[in-house]
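Features of the protein shown, as given by Swiss-Prot:
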- 6-206: domain 'DhaL' (DOMAIN)
- D30, D35, D37: Mg(2+) binding site (BINDING)
- H38, G39, L40, N41, A79, S80, G121, M130, R178, D191, P192, G193: ADP binding site (BINDING)
Amino acid sequence: MSLSRTQIVNWLTRCGDIFSTESEYLTGLDREIGDADHGLNMNRGFSKVVEKLPAIADKDIGFILKNTGMTLLSSVGGASGPLFGTFFIRAAQATQARQSLTLEELYQMFRDGADGVISRGKAEPGDKTMCDVWVPVVESLRQSSEQNLSVPVALEAASSIAESAAQSTITMQARKGRASYLGERSIGHQDPGATSVMFMMQMLALAAKE
């Protein structure tokens, strides 16, 4: 079983929905350790992504993901725009001309996208950033691919891993970004970027079941 282009479009549509619904929650998280604008930025960015989907829904997956990345780069403020934009642009390079993705191809897409984020943000696991979710998600997909699991099962597992990983940032001290200025006071708060990655994985798991 593979993930279809239509399911990718549904995923991005669901991301638009979740970032609208959870905008205030994400901004609340960011208020504790950041600029108090993460939820607003993600909502604005994915609203723009969803607006553009009808005109490109018949294109290949790589085209759709690149368009998503460029839209996020141009419409999301702060550090999140470049990081999430980079993820989708790098993911697009791994999915050029594809109408569907096997689990192995999905793993490669996430691996390349996450590598782009890590390279651009210069963060490592344990820094209390979205990389604390991307890294275990990629590893989960790699293991699922090796075990020849179905795409829906693999993405459900990755979604569960993402939730646990996002929650794990609560006990971390931030070493990157504005949150790092707080030192030990950053401990006890969940990272908003990591939480956004969690929401994205939850939405992909749902889209894969459709």
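From the backbone N, Cα and C atoms, a Cβ is placed for every residue, glycine too.
Looking just at the domain 'DhaL' (6-206), the mean pLDDT is 94. Other Cβ atoms within 10 Å of the Cβ of A79 (ADP binding site) number 20 in total over all chains.
D35 (Mg(2+) binding site) has R178 as its nearest neighbour among the binding-site residues A79, G121, R178, P192, going by CA to CA distance. Highest local Cβ density among the binding-site residues D30, D35, D37 belongs to D30, counted as other Cβ atoms within 10 Å over all protein chains shown. A straight line from the CA of P192 (ADP binding site) to the CA of D37 (Mg(2+) binding site) spans 10 Å. The most densely surrounded of the binding-site residues G121, P192, judged by C-beta neighbours within 10 angstroms, is P192.
A straight line from the CA of L40 (ADP binding site) to the CA of D30 (Mg(2+) binding site) spans 10 Å. Sitting within 8 Å of the Cβ centre of D30, D35, D37, and not among those site residues for Mg(2+), are the Cβ atoms of T27, R31, G34, A36, H38, G39, L40, N41, G78, P192. Local packing around the binding-site residues H38, R178 was summarised as the count of other Cβ atoms within 10 Å of each Cβ; on this measure the leading residue is H38. A 10 Å cutoff on Cβ-Cβ distances gives L40 (ADP binding site) a total of 19 other Cβ atoms nearby, all chains included. D30 (Mg(2+) binding site) and R178 (ADP binding site) are 10 Å apart (CA-CA, integer value). The secondary structure of A79 (ADP binding site), as reduced to three states from DSSP, is coil rather than helix or strand.
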